[in-house]
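Only one structure is covered here, and it is reproduced in the block below.
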């Protein structure tokens, strides 16, 4: 035992001594390299912070979009269960309510707010006394939770009803009901009598009904203006008129506690029937309202919530779809978040839109992340490079490779640990400060996705933080591995003439990038040939990323290829400089030729930062302009609206309703209707326009047709006037219809189901255009749509009525209005108020300017612009920081050389010129390379990055998936080069000039004697 202990102590002594020596060496190097370590640690922490900002910012903005959508209308967050039955009783009701609640408890319990709100309506009860004014009046008993409704009713007289204990039930009525029910106004204490028919023996095959008289005492009269309270969900509190022709039926709602109705049913069933449940002659209605807890739902839960909603819908279909629950029929699950057949719910549509919008977001985020990782790799390699001379000296003086490796790794691990801990926390604070400017005021509570419990949001950051740290550690270990294999002589030789090649050259990463680009191009081209096998959403989500990835890797490949050839270019320039009369350029290019790695590294960082900055600014301006173009396309004019309840009258009379509105510059009337093309049984939309006013009133995108709209309407009017309408109604069709039916000029086809119902309209094709404004379809007939989108037909409104008159004796009236208005803000407010006047018979008014404002303040759009802002600042900041650090370190490494040059007679001006030639060549090359590659990325990537979004409310928010995906291609993006490009270039030049000045100052300060005293040799 003693021998073993002795041997172990002998083994442990060298290990302990080696550990102590490594700690001593680490502390010594920490004092000597405190500034480089601090700068590297600061850069690494900032890199982790920025890269962790991206998922947190996306979380906040998408949460704001989700909550904004659910709050855009009062009913968007409601889930409604409707059922009807003839069976009624306390035990029966509790059992059925529990059965209907169970799927909600299993699927949506974490997402619901409070308990469900229920209404029970027993209607069509005949009034017996007092005798009503209307001969077709009836009572509707509306059972509610009276305790919960207390704060939502404004009593005028009396009190709220209490639960019935005897044969008499207490009710409350509205003031209008009290006034209109009978000849004399109803007051507090008035007795209302009615009867209820029920089945005597529900188990008997023979059906026999009896009648029970119900006594209702009015104990309260309330103001029905409280019906506007969202609590009532538009349930009627005032009398409801039913029917258009007299005598019109009147239904008088009577409010009472729900338990009173159940108690009444129990009493009648126990006293007069053979069952414990009352089976009535007519069915009654049950409604439950449940509300999503919007303020606690985040975008992290969107996919899970959609899955649970689908499971809930399936559970209701399986359990209640076939009326398998005895006594309960017509169970319906309703709500904006519920999907119906092929029409997805609003949350599913939002998820589909996020899928499209995430393509540019992920691309921009990836570009920012790659730029940051490249910066981290550069900073780490600079840190190791700065310590390479020390490593060589330590190796020559007996230090082992393990000691040096572990010493420097411990320093890097310390920096990495600090950055990993501080970076996500700083990112959380940055998003908290930055996000309020990017989300609507109504959704400001989206910040609670971060606070007060930041752990769920911080759980998004570890992959980003650890990935950044891992890159730093790997680069550092690779650089250390190379540094440990050098000695003093090798280090001095490498300083004078570099023989090692950088990592990307040794492993031919430029060739790898080129192969990836070619493969992406080939896959995209291959898939484009099989579009008929893919639906439009799959096509878009596959092709768009490929069309973005391919040019990006092509640019990376070209950039690396240029850098591979750059040393050869430097040799050529150095050869030319040697023939010159001045020494400064000769010495500068000779130094760059001997040691090109540092210039290549800085050239790559600066060119990448420059190209990303310029492309981001162009994309931001292009996206902003594109949203305006989309709004113009959707509305067709400054204002568009549907006209309802208008009789047959001359067009001039109809125009007089709208043209006198102050601020209206031009108006145009038309008729829009959906129909079916008989030959193919495909949907089509007919646009019958007033050719005299349509062109000057509407907005027509240049991409819609090669001809001006005025020329098209003039041709349409001429052909419609001179045509023999028995041969067909002249029409201009869009390319979707033209391609699908394989039409040509002079073709005819039949259109059914538009202006005259079943009457078929013969269409004569006189021309075709690519798109008809506001119609969301695609011109490619090969793309497979789950739901076929309608083709478009443009006809003359007057010619349509002449065709209908001669064919059936019928004419149609305008149902659509377009207005061109003044841009004055005060006038616009006046126009908006005027268009809301019911006398104008307008519904679904679309305001182009309001739509533009909505699209530009959409949370997802602002998120993307915020990321671009972060990326731009990051690119410029990293270029500044990395350039200054690299320049400072390069100057320190060559201080002895420059001191010797000055001692040999070289003056300060010549030294400055040498540095100016060196750094100027790098910066000019980086600037030119950055501009060229930014232009290439702009032409090839930006058109595929631009996306089309829709508002969360209004007519455009109801676009189906097929229409939404088709809209991505209809309005082509127009590249916009903003003035901010020049500011970015000026800032870039200032950064470069500052770096040159700092390097010259660092080089000219020390003297030869000072440098010789500091030299470690």
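Any Cβ shown, glycine's included, is placed from N, Cα and C.
Annotation source TrEMBL lists transmembrane segment at 34-57 (among others).
Residues annotated as transmembrane segment in TrEMBL: 359-384 (among others). Same-chain residues lying 6+ beyond the ends of the transmembrane segment (359-384) with a Cβ under 8 Å from its Cβ atoms: 33, 36-37, 39-40, 43-44, 47, 50-51, 54, 58, 408, 412, 464, 467-468, 471-472, 475-476, 479-480, 483, 541, 544-545, 548, 552, 601, 604-605, 608-609, 612, 616, 619, 863-864, 867-868, 870-871, 874-875, 878, 881-882, 885-886, 889, 941, 945-947.
According to TrEMBL, the domain 'ABC3 transporter permease C-terminal' annotation covers 363-484 (among others). Per DSSP, the secondary structure of the domain 'ABC3 transporter permease C-terminal' (363-484) breaks down as 107 helix, 0 strand, 15 coil.
Per TrEMBL, the feature transmembrane segment maps to 405-435 (among others). Remote same-chain partners of the transmembrane segment (405-435), defined as residues 6 or more beyond its termini with a Cβ less than 8 Å from a stretch Cβ, comprise 22, 25-26, 29-30, 33, 37, 40-41, 44-45, 47-53, 56-57, 60-61, 380, 383-384, 387, 391, 446-447, 450-451, 454, 457-458, 461-462, 465-466, 468-469, 472-473, 476-477, 480, 484, 866.
Taken from TrEMBL, the feature transmembrane segment applies to 464-486 (among others).
Residues annotated as transmembrane segment in TrEMBL: 507-527 (among others).
Residues 355-356, 359, 363, 367, 504, 509-511, 513-514, 516-518, 520-521, 523-524, 527-528, 531, 600, 603-604, 607-608, 611, 783-784, 929, 933, 936-937, 940-941, 944-945, 965, 968 of the same chain lie 6+ residues outside the transmembrane segment (539-563) yet bring a C-beta within less than 8 angstroms of a C-beta in it. Under the heading transmembrane segment, TrEMBL lists 539-563 (among others).
Residues annotated as transmembrane segment in TrEMBL: 602-621 (among others).
TrEMBL lists 864-885 (among others) with the feature transmembrane segment.
Per TrEMBL, domain 'ABC3 transporter permease C-terminal' is recorded for 872-1005 (among others). When the domain 'ABC3 transporter permease C-terminal' (872-1005) is classified with DSSP, helix, strand and coil residues number 107 helix, 0 strand, 27 coil.
Cβ atoms under 8 Å from those of the transmembrane segment (922-942) belong to residues 363, 548, 551-552, 554-555, 558-559, 562, 566, 599, 602-603, 606-615, 618-619, 622, 973, 975, 985, 988-989, 992, 995-996 of the same chain, restricted to positions at least 6 beyond its ends. Summarising the annotation, TrEMBL assigns transmembrane segment to 922-942 (among others).
Marked as transmembrane segment by TrEMBL: 981-1004 (among others). Beyond its flanks by at least six residues, the transmembrane segment (981-1004) meets 606, 610, 613-614, 617-618, 872, 876, 879-880, 883-884, 887-888, 890-892, 894-895, 898, 908, 911-912, 915-916, 919-920, 923, 927, 930-931 of its own chain at Cβ-Cβ distances under 8 Å.
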Predicted model, mean pLDDT over the domain 'ABC3 transporter permease C-terminal' (363-484): 78
